Ligand code: TTP
Ligand code: MG
Ligand code: MG
């Protein structure tokens, strides 16, 4: 006998969004299991690494002892209960949770676990769009069994595929994640957050009014703080209020393209495909200093930091198999004024020394009259070693010199370069 058909047919597309739970913090808990359930914040420096006591137990740094202006990359759910969240200054966080444990950030380790969880998912469902270190979209439309009901549950097939994916991520990494499955990326991104941590949320179009419309407009990926503030000024706080607004009025307020998109998004409509691979536009490394540094007085320290950034960038290029021709620097001065300069070479480079030389020549085009708080190095115009050589027309060019610093012989060599 044939199984009962679902009350309405399943949509053609079934898209998942998977996001790891408290990712950096959960990776740290794998090696320090004694911290399970405690408020833990990630964002310290190397000196905040735990010390091994003689009796074999570990001594952890406490948030109350932190000084500096680092920010939390993330925190455990116990720390979130105390009001500590991503991007919060650690000293501010210490006021809310002085006894929380502070751990240094270990990006290499997080990247390793990122690769592991993505590989585990790919074995079950290969159509994956990489959205960063801890999240992916997965096109599940053609996964075997997904459209089969289980018992009386027409969504049973979807739920069991979701459970299988979560189990496989857990086996490969020891980590939990949350999954949203809906007809498109926009809704799935919202859905994956609904039952965090360790959740599965399946949501079909007919449930949009009940489950999406009551949510804050900020839950839509694409409505940032500025758009939300403008919507609030117009009396709109929830997705449902956008949905109830006239499209013509939204367009009047927000322009043709964003206004029309707001209308579509509020009705949960989104046709974007899951894009399985995209070449990165550029790769970069940057660091914010613990204290503002002076180009002359802190020259040696700046030089070391600059060299290290170039080495890290060279490491990224090697791991990912890229080289690049456009090398850029980013400087942020006290007062948050940010300056970028870049330089395009004839031939692609990838090694640390060549990066240091090219980035160093960009530095010569910057005025250092203020102290620095951030330094970054970027490489773009990427290719793979062994690709066809770049078109001959693109000769050496320099951009970003801007009006304050005309390039050419007249420009004085103002600064001592680190
Ligand atoms: P998120 O997925 O936004 O957060 P999360 O995984 O820590 O927690 P949740 O369970 O709510 O998903 O970000 C993934 C990682 O990216 C996070 O663990 C740390 C890093 N991150 C930052 O470094 N800075 C930030 O501002 C944010 C939001 C994240
Ligand atoms: Mg996450
Ligand atoms: Mg995420």
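A Cβ is built for glycine as well, from the same backbone N, Cα and C atoms used for every other residue.
So that you can see what the record holds, here are the features copied from TrEMBL:
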ACT_SITE  135  active site
BINDING   19, 134  Mg(2+) binding site
DOMAIN    15-224  domain 'UmuC'
REGION    385-418  region 'Disordered'
SITE      24  site 'Substrate discrimination'
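Structure coloured by features recorded in TrEMBL.
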residue: 19; record: Mg(2+) binding site; DSSP class: strand
residue: 24; record: site 'Substrate discrimination'; DSSP class: helix
residue: 134; record: Mg(2+) binding site; DSSP class: coil
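Summarising model confidence by region, the domain 'UmuC' (15-224) averages a pLDDT of 97. Contacts of residue 24 (site 'Substrate discrimination') defined by a Cβ separation under 8 A and a same-chain sequence distance of 6+ are given as 42, 73, 74, 105, 110, in order along the sequence.
With a cut-off of 8 Å between CB atoms and residues at least 6 apart in sequence, the same chain places 134, 135, 177, 178, 192, 193, 196 near residue 19 (Mg(2+) binding site), listed in sequence order. Around residue 135 (active site), taking its Cβ as the centre, 20 other Cβ atoms fall within 10 Å, counting all chains.
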